[in-house]
Amino acid sequence: MTSTQLCLLAVVLASVTGTLRCQSLLGDPVLAFSGDDATLLAPFTPGVSSVTWQAPDGVILGLWAQGQSGRSEGVAFDHVTQYSGRVNITNTQLRIAAVQPVDAGNYTITVVSSTSSAITVRSVLVELRVYEDTSKKRGVSEILEKTNGGLDDISVAPIAQRNADPCTASGCTWEKSTDGHVYVPYVLGNEYSAIERGLIERGMSSIQSSSCIRFRVRQSERDYLSISSGTGCSSYVGRQGGRQEVSLQRLGCMFPSTIQHEFLHALGFNHEHQRSDRDNHVQIHLENVETGKENNFNKVATLNQNTPYDYTSVMHYSRDAFSKNGQPTLVPIPDASVVIGQALSMSRTDFTRLSRLYKCNQLSVRVAVQSTAIEGENVILQCTWAGGAQTSVTWRKNGVTLAQGSRITISEGLLGISSLQRDDAGEYNCTVVTDDTTETSTATLVVYYKCLTLGGLIGIVIACFIVLFALCIAIVLLVRQRKAQRRTHTAYGVRNPSFKA
């Protein structure tokens, strides 16, 4: 039953229940890669009583209906071989598992809702677009050349003529924060679908996963990336200042390798085949390059971050890039059979070069005492670090390595000392070791005498009073004893003058 037939049926029902409303809407297209799951959403409608899902060829895929006692059921019809076992239906969505190119087309969602005064039939047309993930078959260079129509993917500006390696020009790199991270603000265009936004954000995450780069949504920062679906895939090289365009065209640039490639441009990287030592690794055949495209093969004076030439870099062109006759424009040397320009994602050297450019592995270590150190109580010293993946942490006191003990607890960056004693005072060092570097920070621990509480003070006063009272009694008793001794001495040791022999 089509949406038109449902609307005619609703006319009959409306004669009994009241007003009829029929609406036809056009929904946003849903984009999916072949093999992924696709979800088509039904429009939110209060009082919905049924939802019908119709395939592009007019066949009903399934029906959701509000049953008696508030129960609801979604039924996916399995009579369509093409969708067999791949369709799941609820009142809000149609989910097709492992979509195929043949699944592409316009799907009709018909929602019937009813109230005490009206029946509403809302028909929404949603296009499903299914793309082959050709990045698994084509390298980043081929994708860029096809999408850009032979244009270079670098947006030209005076400051953008430098390669990332020296990147010493003012404003070339993004500023590093005091916490060791490099924050790159961005604004993502509203034209992207949820799937496309996810792909772009996944590209950002892949760069963040092994570096100190952190992409974050712009708040009010002056310098930021403005990511939009322009013409082709392109970016400026390095931070330009202010609003900086990055073009990721919806049709053609939505591949992991391409997204990483353009973001690396924005972070300050140029193409691998243009680095200063490229003549030792590739031969350039300008006779095969399209007229007007020769600038794409210019060599740039670079420092290369002390990394080897990388044929597997996501920034490397393919051997027939910008070829006018099908002949190679880039040939690896000395081994011409080496594969180039076919990277599907960033190489290990790409990540190393990025980390070195932004000094991601430069450690910053700090030790702090978390509470006042009082004799008899417990204290915690905390060691924090930024910039680099920690591999080991060692604690020392006055140069002597500390180990787990009855009063000492060590857990990576935390050192706990229980029942503090006066000789626990001293200098404590925290040494953090990574693959690239070692850094140490020092803090001095001062142990204070324990202050008396009011109760303790009263106790001492009472104790002193008792001692004084006992001392007074002892003195009184001693005085009496001495007097008694004098009387006895007088009585027996001195003759009585009235006594006569």
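Glycine residues also receive a Cβ, built from the backbone N, Cα and C atoms like all the rest.
Here the structure is a predicted model, which means the values were calculated and not measured.
Secondary structure at Glu262 (active site), as computed by DSSP, is helix. The active site annotation in TrEMBL covers Glu262.
The Zn(2+) binding site annotation in TrEMBL covers His261, His265, His271.
The domain 'Peptidase M12A' annotation in TrEMBL covers 163-361.
For 328-446, the entry in TrEMBL reads domain 'Ig-like'. Summarising model confidence by region, the domain 'Ig-like' (328-446) averages a pLDDT of 84.
The signal peptide annotation in TrEMBL covers 1-22.
According to TrEMBL, the transmembrane segment annotation covers 454-479.
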Original post:
Using a 10 Å radius around each Cβ and counting other Cβ atoms from all shown chains, which of the binding-site residues His261, His265, His271 yields the largest count?
Top reply: His261
Original post:
C-alpha of His271 (Zn(2+) binding site) to C-alpha of Glu262 (active site): distance in Å?
Top reply: 11
Original post:
Helix, strand or coil: which one is His271 (Zn(2+) binding site) in, per DSSP?
Top reply: coil
